[in-house]
Amino acid sequence: MAPTFKLQCHFILICLLALRGESRYLELREAVDHDPFPHLAGGASQKRELEGEPLYRRALRCVDMLSLQGQFTFTADRPQLHCATFFIAEPEEFITIRYDLVSIDCQRGDILQVFDGWILKGEKFPSSQDHPLPTTERYIDFCESGLSRRSIRSSQNVAMIFFRVHEPGNGFTITVKTDPNLFPCNIISQTPNGRFTLVVPHQHRNCSFSIIYPVAIKISDLTLGHLNGLQLKKSSAGCGGIGDFVELLGGTGLDPSKMLLLADLCYPLRGPAQMKVGCDHTVLRMVSSGKHINRVTFEYRQLEPYELENPNGNSIQEFCLSTL
């Protein structure tokens, strides 16, 4: 497994075990060491190979993570009561999950639910403040809708399914595909290093870019519509009273609305804005009034171990206690 994905998978497994009320770190460590997600090492190349080739197929595990398209089947070999699969695509893609075959016993308490986003320990991404749907509408329950909703498309580049299957031999088959998203909003990065431009064109919405690593982040360009007109006098209260701004958030959980505000930007940059954030989770969030076209370009890289041990310069770490 690629080391960058091992950290992300480790984080997800810890949270899933916490959901189940377990804290047996040795069992978790063993699960991570034997590469529970080997396909992630070459996810991008495997995705390219799908074009014009037969559909990629493999079995699902009770706890799994997928970054590529294909057909996936889960078959219970014993009662499996706490299972979830996380899906992650490229930032500029939606995810579509299609039920091909479902054999579960809803009357006995089996569950098969799609969630539009990710949820861990009660924390959601995107947060309730940033997602276009209320939380109750983000769950699509097979036992309620059946095959009347055979295909379900996410609102961003991540989605997940929860499932519980009591009877050995029962299970389901799904096909996962991706579609282009011209204006991606609310993104979880697959990698700890990268560069991205987030654009919100005349839409009253909030968009977050999530990086599940301690990172150094540099904002090189910021275009907020109100800056093109009358210049506003900077307020000591920050950007909260202005309709269009960018926030940098940090924390140890998944939900941006529960993170600490590290910095906000709503005025012209006189040069790149840089910061090192020693949190497990860093989020850049753009708040848009819908009156303007807003754009922010930034790049990020994972902090080296020595940078976490000896922070210096423009660095924030003291409130971020590692959970790994």
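A Cβ is built for glycine as well, from the same backbone N, Cα and C atoms used for every other residue.
Bear in mind that the values here come from a model prediction, so they are computed numbers and not experimental data.
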Can you tell which of CYS83, CYS106 TrEMBL lists as bonded to CYS62 through a disulfide?
CYS83
Here's one to test understanding: among the disulfide-bonded residues CYS106, CYS185, CYS207, CYS239, CYS266, whose C-alpha is closest in space to the C-alpha of CYS279 (disulfide bond)?
CYS207
Based on Cβ atoms within 10 Å, give me the single least packed residue among the disulfide-bonded residues CYS62, CYS185, CYS239.
CYS62
Here are some disulfide-bonded residues: CYS106, CYS279. Which one has the most Cβ atoms within 10 Å of its Cβ?
CYS279
